[in-house]
């Protein structure tokens with residue numbers, strides 16, 4: 001089971017569960033909707049994963065810990081002050097029922113991480129559909145390196161970003177694909193139509209796949225740091 005629970009203005013809380021096992025929660029932007037959903041599902045929780053320190057991913061931690069004090073909350077070092085109980089900057093997390101790869105994807109924040117669980121990539125604000133996160137650290141090399149790590153994963157990887165930014169990202173992608181192939185242009189246009197339909201029905205545009213992102217995401221297509229940096233700076237003022 002994979003479910004994107006809308007939160008705040010455009011966040012998603014991702015919930016992942018193998019059949020008949022406790023679930024994993026990715027990021028805690030808020031808790032009211034989450035607690036209602038968990039109660040309705042009569043869910044048990046294996047762990048919480050925090051991708052980075054920003055408030056719109058962590059401001060629900062305090063309330064969550066009061067209600068579920070024994071559930072481990074994993075996150076990078078920067079999330080310790082936000083309430084993470086288990087610090088993970090890279091490597092693997094082994095819980096009772098899951099093996100989780102921790103992939104460094106800094107740049108948006110210094111210690112941002114992404115989590116890979118059963119071919120599901122929970123990438124926070126590192127990678128979006130047709131886009132990537134702003135480089136608030138100013139370290140474009142760190143951001144580019146993190147995206148390159150994600151770009152080595154298989155095509156069938158299911159990509160679960162933390163925000164509903166897809167339409168705006170596709171609009172930018174269309175402006176920078178003028179020199180791209182007809183196949184790539186067609187993929188962007190086709191995805192834009194799909195996303196417009198989804199959003200008109202108040203449905204998520206996500207998840208996506210790494211195969212699709214390789215076709216429509218200019219930041220994954222960037223071959224050099226210089227190309228990536230120019231794209232990101234252009235998107236900042238788009």
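Even glycines carry a Cβ here, placed using N, Cα and C.
DSSP gives residue 54 (Zn(2+) 1 binding site) a coil state; it is part of no helix or strand. Long-range Cβ contacts of residue 54 (Zn(2+) 1 binding site) within its own chain (separation 6+, distance under 8 Å): 109, 125. According to Swiss-Prot, the feature Zn(2+) 1 binding site maps to 52, 54, 108, 125, an assignment based on sequence analysis.
Annotation comment: Swiss-Prot describes 56, 57, 125, 163 as Zn(2+) 2 binding site, evidence class sequence analysis. DSSP assigns residue 163 (Zn(2+) 2 binding site) to a strand.
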Rounded to a whole number, how many Å is the Cα of residue 52 (Zn(2+) 1 binding site) away from the Cα of residue 163 (Zn(2+) 2 binding site)? 14
Using DSSP and collapsing to three states, where does residue 108 (Zn(2+) 1 binding site) fall: helix, strand or coil? coil
Would you list, in sequence order, the residues of this chain other than 52, 54, 108, 125 that have their CB within 8 A of the centroid of the site's CB atoms, where the site is the one recorded for Zn(2+) 1? 51, 53, 57, 109, 112, 124, 126, 133, 136, 162
